[in-house]
Amino acid sequence: MNINVAELLNGNYILLLFVVLALGLCLGKLRLGSIQLGNSIGVLVVSLLLGQQHFSINTDALNLGFMLFIFCVGVEAGPNFFSIFFRDGKNYLMLALVMVGSALVIALGLGKLFGWDIGLTAGMLAGSMTSTPVLVGAGDTLRHSGMESRQLSLALDNLSLGYALTYLIGLVSLIVGARYLPKLQHQDLQTSAQQIARERGLDTDANRKVYLPVIRAYRVGPELVAWTDGKNLRELGIYRQTGCYIERIRRNGILANPDGDAVLQMGDEIALVGYPDAHARLDPSFRNGKEVFDRDLLDMRIVTEEVVVKNHNAVGKRLAQLKLTDHGCFLNRVIRSQIEMPIDDNVVLNKGDVLQVSGDARRVKTIADRIGFISIHSQVTDLLAFCAFFVIGLMIGMITFQFSTFSFGMGNAAGLLFAGIMLGFMRANHPTFGYIPQGALSMVKEFGLMVFMAGVGLSAGSGINNGLGAIGGQMLIAGLIVSLVPVVICFLFGAYVLRMNRALLFGAMMGARTCAPAMEIISDTARSNIPALGYAGTYAIANVLLTLAGTIIVMVWPGLG
């Protein structure tokens, strides 16, 4: 039996898509020296090669992939977006204006220099900026410009041609730039991300070692009785000195939970709970006594639970005011908006904060009831919330603003980004709502991005050879200039005028360019999601400005002579 692979792939969009993804992901794992190509470039190269062989895919797949990615970016950025935006919103607006404004001016200059018409110039701007809103804005303005039909048809054709010829140039150049531009500065992105995390209490080091408390039991001997000198447990302050807590005492065969007034006596058997290093700090008079291995005395179920702060008697209080150790519990982590914070007695608790607490199961339950509730982890995604907010995002994207003779809309991407931010923000403040496991979120985000890249390559590859004629070289040069020069200008402005943190700055630059694949590379370089906060800050603003740029370039073109 003969199988025609070309016909098989052409007749099955789903098969073609996953063949492209599989081959591209394999290619992305290849290394050239110390440089790994990466998934984005691997999928793009494979899809471009197959696109040149006239394989095509339904454009709905491209759109769905991009929308899933943008929505997930919003969900990840949501917990901290508003605190970051209200603090840096002016900077994000100015960065987006500098990026879009400089690209617009450069594109107009190059268009006049090479003698192109408005269609090629606007298409080159849209492609170099990898921005569909520019294309939409320019096309809509051309249709309402009053051109005669033949001239309008040529301009619209050239608009698409310019976009097709420069889109890949803009995308690849920015992806490469995102990988190497951070290395040209003195401060690496990982350090910058850690710096902003420390400054704003967004400690993202989730790999910190956390030890569970352990239980050891000792028999009180003469040395220990002499050390206590008749003082009760409150006066001894064993926890303050060592970090260990006397959980139980067996006296005359009777087990009891001691209070602060208890005094240790000869022959008592005591169970101490604490971290390993806390046991090491105990006075030698504890350890010199005979250690006891008593099943009943040591029979404690140590658990670690995540307690959500909710009750009014805990919200607004300092961490020290909870007095967890007085209740035999140990604090391991403080998590706010899905970001781990430094453990500090002066941290003021907010509603929705998550405290990771260890201790005896009964004591942890008592503490949880007092300050909130125990978070029940699940590996099941709240698909209802996911789908509902996705629909809300699409509806927001349909909103259109009309100004005299031109109009611009939010677009699906901006709407979904905003909806994702809202879902992430609400999940952070109401942990029982909209739960999405991080693994599921990462998988959907990565899959959406790869589908988008596959669609771009297959769509652009089929027609790119047709445009490489007399203007091919000019388009390559112009595309590179418009793609990279505004990025450099934006970096200099953000770094030396606005003095922004580098991790937020690079994320914001990728958002101002509305380039999702490049943002993913920046996040990988920083080994943090903090750049996504900057990306989300400029993305929605840039989408509006880019739509206006498409309109403005058509409107000012005739006046340039």
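Note that Cβ sites are derived from N, Cα and C of the backbone, with glycine treated the same way.
Among the features that Swiss-Prot reports, domain 'RCK C-terminal 1' is placed at 200-288, with the record citing sequence analysis.
Per Swiss-Prot, the feature domain 'RCK C-terminal 2' maps to 292-373.
Taken from Swiss-Prot, the feature transmembrane segment covers 8-28 (among others).
Among the features that Swiss-Prot reports, transmembrane segment is placed at 32-52 (among others).
As annotated by Swiss-Prot, transmembrane segment applies to 66-86 (among others), with the evidence given as sequence analysis.
According to Swiss-Prot, the transmembrane segment annotation covers 94-114 (among others).
Listed as Cβ neighbours of the transmembrane segment (158-178) (distance under 8 Å, sequence separation of 6 or more from its ends, same chain) are residues 40-41, 44, 48, 116-117, 119-130, 135, 138-139, 142, 456-457, 460, 463-464, 467-468, 471-472, 475-476, 478-480, 482-484, 487, 506, 510, 513, 515, 517-519, 521-522, 525. Taken from Swiss-Prot, the feature transmembrane segment covers 158-178 (among others).
The annotation transmembrane segment is assigned in Swiss-Prot to 383-403 (among others).
Residues or ranges marked as transmembrane segment by Swiss-Prot: 406-426 (among others).
What Swiss-Prot records for 451-471 (among others) is transmembrane segment, and it gives sequence analysis as the kind of evidence.
Taken from Swiss-Prot, the feature transmembrane segment applies to 475-495 (among others).
Annotated transmembrane segment per Swiss-Prot: 540-560 (among others), in sequence order, evidence recorded as sequence analysis. Long-range Cβ contacts of the transmembrane segment (540-560) within its own chain (Cβ-Cβ under 8 Å, at least 6 residues beyond either end) map to 92-93, 96-97, 99-100, 103-104, 107-108, 111-112, 118, 121-122, 125-126, 129, 131, 133-142, 145, 406, 408-411, 413-414, 417-418, 511-514.
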Can you work out the mean pLDDT of the predicted model over the domain 'RCK C-terminal 2' (292-373)? 81
Can you tell me how the residues of the domain 'RCK C-terminal 1' (200-288) break down into helix, strand and coil by DSSP? 25 helix, 23 strand, 41 coil
